[in-house]
């Protein structure tokens, strides 16, 4: 994108493909994955529509540099100096619903908190995100079904948009990375709340934590909206405690056993405690964040160091440029 624009995590999406394979000591129904493939198709379809609207040959006359891949006609890409990700212009993304604080708060366009997660800055961006979504989302959907995984994906994306709007108010932001980080967060909380039914617990936990840490660390590079990543991750982490509970080991098999030999409770007490605490934190957190956002508050005024979570200046780049 142009220097003033943000895209969500284009460069760090490939790491997500290496998420750990867990062995679960239970036999549960395997769902057929269909909503994640639908999300992938929808994101790609929206990108094609955006490129059609962008129409680089017609709208980029007089701009330094020429359209890339001119043989694509109106689907050709903006000059690489303007958008190195092989995609549309910032103006087109803004027109199609990118996240922009001023329009959300003062233009009463709250719908941008949702539409921005279906837009992408370029071919590189959309392909990286969709490959990650396939690797992460299909597995989760097969284990927990389309309703729970769909809710986590959409709500996490919304949560990422809210946190991004609170802290990044001068640039536009697009991408599904907030929702993707929500799925990663849900994987972590699912492991923790269902701890007793997993084997190789510590290895699985360390592997997942390292993957999440690497992806978040890449978010400190310029032009990557790490606040969307963090907001999505936090939302998904809490949602995982609410939606991804598994029965404790032995409960399903013992339902047909004599009463004396049955596991009496489907879930352990700590699972209910975590679920309740997470639900309360979600409701309170989303309520406070939305109130702050639509009052026009700047999150940086309440946290002087938080801007370093999204970009750390070095001799190689300037976070303000």
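Glycine too: its Cβ is placed from the backbone N, Cα and C atoms.
In TrEMBL, annotation is done automatically, which means it is predicted and not curated.
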Expected hit for transmembrane segment in TrEMBL across 94-112, 227-245, 246-264 is 227-245
As TrEMBL has it, transmembrane segment corresponds, among 202-221, 302-321, to residues 202-221
Here TrEMBL annotates transmembrane segment, and of 7-28, 117-138 the range meant is 117-138
Sequence-distant residues near the transmembrane segment (272-294) by C-beta distance (under 8 Å, 6 or more away from its ends) are 104-105, 110, 159, 162-163, 165-166, 189, 192-193, 234-235, 238-242, 245
Three or more CB pairs closer than 8 Å, sequence separation of 6 or more: does that hold for the transmembrane segment (150-168) against the transmembrane segment (227-245)? yes
Taking DSSP H, G, I as helix and E, B as strand, the domain 'Peptidase S54 rhomboid' (108-244) contains 107 helix, 4 strand, 26 coil
Same-chain residues at least 6 beyond the ends of the transmembrane segment (174-195) with CB under 8 Å of its CB atoms are 6-10, 13, 16, 19, 22, 24, 39, 43, 93, 98-99, 116-121, 125, 129-130, 132-133, 136-137, 140, 149, 152-157, 159-161, 164, 201, 204-205, 208-209, 211-212, 215-216, 225, 228-241, 243-246, 270-271, 274-275, 278
